[in-house]
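Structure record follows, encoded as structure tokens.
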Amino acid sequence: MANVAVIGAQWGDEGKGKIVDWLAERADMVVRFQGGHNAGHTLVIGENVYKLSLLPSGIVRGTPSVIGNGVVLDPWALKAEIEKLTAQGVKVTPETLHIADNCALILPFHRDLDALREDASGAGKIGTTRRGIGPAYEDKVGRRAIRVCDLAHLDDLGPQLDRLTAHHDALRAGFGEPPVDREALLAELREIADFVLSFAKPVWLMLNDARKRGRRILFEGAQGVLLDVDHGTYPFVTSSNTIAGTAAGGSGLGPGAVGFVLGIAKAYTTRVGSGPFPTEQENEIGERLGTRGHEFGTVTGRKRRCGWFDAVLVRQSVAVSGVTGIALTKLDVLDGFDEVGICTGYRLRGQVIDHYPSNAADQAAVEPIYEMIEGWHESTAGARSWAQLPAQAIKYIRRIEELIQCPVALVSTSPEREDTILVRDPFSD
Ligand code: IMP
């Protein structure tokens, strides 16, 4: 039985929420495997708009949803998000939400440190979501983290807390901040512990059992491959591996469990935060893409930078993430342009190259080589079949497929879940 991993093939915000929601209806479980509440997934269901950050998108329709060990979990953000969804009529119970008991926690001083560092970095700032994601992952790999399972043993945390606060107190002193207030931290953790623990379990056991029983698992990636800590535009990346390979390690399943990898890519490109962006259009084209595409961040409300489709970067994402098929989203945003650009290669200090270099200075120096394609003036908004697409739009999609060396499996033409052209069903592969 095929499982499906959905991952972003650009810098996040590709429209994964809608696609995951669409697939979640036929999945038996939806699993988040990396990132935290830095993600922003918007689901539009009829009149209702749901904005999720930490919870898997399946939760809205009652599909059993799992937060895997690869996620960093802010207990207070979890509670706030559950309360907001409950107020919208969504039931979140220990039967529908399962949290890995070996997830590392995001604590209040992680959030502080994220903001302190960003504020102190001047032009070198990363433009993080300031949710404490980076500092929490650092503590995880530094073997200092407090994990979900530790919430059941708060009275025995002594030596672990010593190691954690020794590290943070030194960092805080450097920023002129007082040491971590251990008693206040423990009091806050005591207050929230039972709530988090009510959803906690060894989810790897549950997932392996589900797999043996042939259940369909949908892995929901957050951010995008270009924000991957190894393969992205380092150091302007997030602190987790966002590639599809992480779906296995971040949930406690073997690599064979991942199945079909659906890469989500916008028909153009956007980015929030700092970092290189070769096809960025800081002109009226970028303005028009941003306005038509409502390009404002779900989590921070920041205006997104916009530009043409970069086939070199998406081809690279397809390769490093083993993408089986692409879901091309927001095609309708390109309606009405006289011509649309696709980046097909770069020029780096006079040399033509066919991939994105690893070094940050080289990444910033590349100049995109564009192929301009005649646009279309008909509307593609709401199209549900190829027959409803103008010939030029089809030509654009076919050229993208050729350049990224990967077939398009789905085309999304509006935020509504039914406005989707299905070429190849990831679940029936
Ligand atoms: P962090 O994940 O908060 O540490 O932020 C690191 C970088 O990833 C920044 O450029 C953020 O804007 C970006 N980022 C993090 N999460 C998302 C997301 O869900 N969509 C788009 N960009 C994101």
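Just so you know, glycine gets a Cβ as well, placed from its N, Cα and C.
According to TrEMBL, the protein carries these features:
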- Asp13: active site, proton acceptor (ACT_SITE)
- His41: active site, proton donor (ACT_SITE)
- Lys140: active site (ACT_SITE)
- 12-18, 40-42, Arg304, 330-332, 412-414: GTP binding site (BINDING)
- Asp13, Gly40: Mg(2+) binding site (BINDING)
- Asp13, Glu14, Gly15, Lys16, Asn38, Ala39, Gly40, His41, Thr129, Arg143, Gln223, Thr238, Arg302: IMP binding site (BINDING)
- Thr298, Val299, Thr300, Gly301, Arg302, Lys303, Arg304: substrate binding site (BINDING)
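On the structure: features taken from TrEMBL.
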{"residue": "Gly12", "record": "GTP binding site", "contacts (Cβ under 8 Å, 6+ apart)": "Ala39, Ala222, Gln223, Gly224, Leu227, Val272"}
{"residue": "Lys18", "record": "GTP binding site", "contacts (Cβ under 8 Å, 6+ apart)": "Thr42, Leu43, Val44, Thr329, Ser412, Pro415, Arg417"}
{"residue": "Asn38", "record": "IMP binding site", "contacts (Cβ under 8 Å, 6+ apart)": "Ser53, Thr128, Thr129, Arg131, Ile133, Ala222, Gln223, Thr238, Val299"}
{"residue": "Lys140", "record": "active site", "contacts (Cβ under 8 Å, 6+ apart)": "Val72, Ala104"}
{"residue": "Arg302", "record": "IMP binding site", "contacts (Cβ under 8 Å, 6+ apart)": "Gly127, Val272, Gly273, Phe296"}
{"residue": "Lys303", "record": "substrate binding site", "contacts (Cβ under 8 Å, 6+ apart)": "Gly290, Glu295, Phe296, Gly297"}
{"residue": "Arg304", "record": "substrate binding site", "contacts (Cβ under 8 Å, 6+ apart)": "Asp13, Thr270, Arg271, Val272, Gly290, Glu295, Phe296, Gly297"}
{"residue": "Leu331", "record": "GTP binding site", "contacts (Cβ under 8 Å, 6+ apart)": "Ala267, Thr380, Ala383, Ala393, Ile397, Val411, Ser412, Thr413"}
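Its own atom aside, the Cβ of Gly40 (Mg(2+) binding site) has 21 Cβ atoms within 10 angstroms in the protein chains shown. Nearest neighbour of the residue listed as 'active site, proton donor' by Cα distance, taken over the binding-site residues Gly15, Thr300, Gly301: Gly15. Ligand 1 lies under 6 Å from the Cβ of none of the binding-site residues Gly15, Lys18, Thr298, Thr300, Arg304. On the backbone, the CA of Thr298 (substrate binding site) and the CA of Gly40 (Mg(2+) binding site) stand 5 Å apart.
In sequence order, Gly40, Val272, Phe296, Gly297 are the residues of the same chain, not among Thr298, Val299, Thr300, Gly301, Arg302, Lys303, Arg304, whose CB sits within 8 A of the CB centroid for the substrate site. Annotation note: His41 (active site, proton donor) sits in a strand segment as assigned by DSSP. The secondary structure of Lys303 (substrate binding site), as reduced to three states from DSSP, is extended strand.
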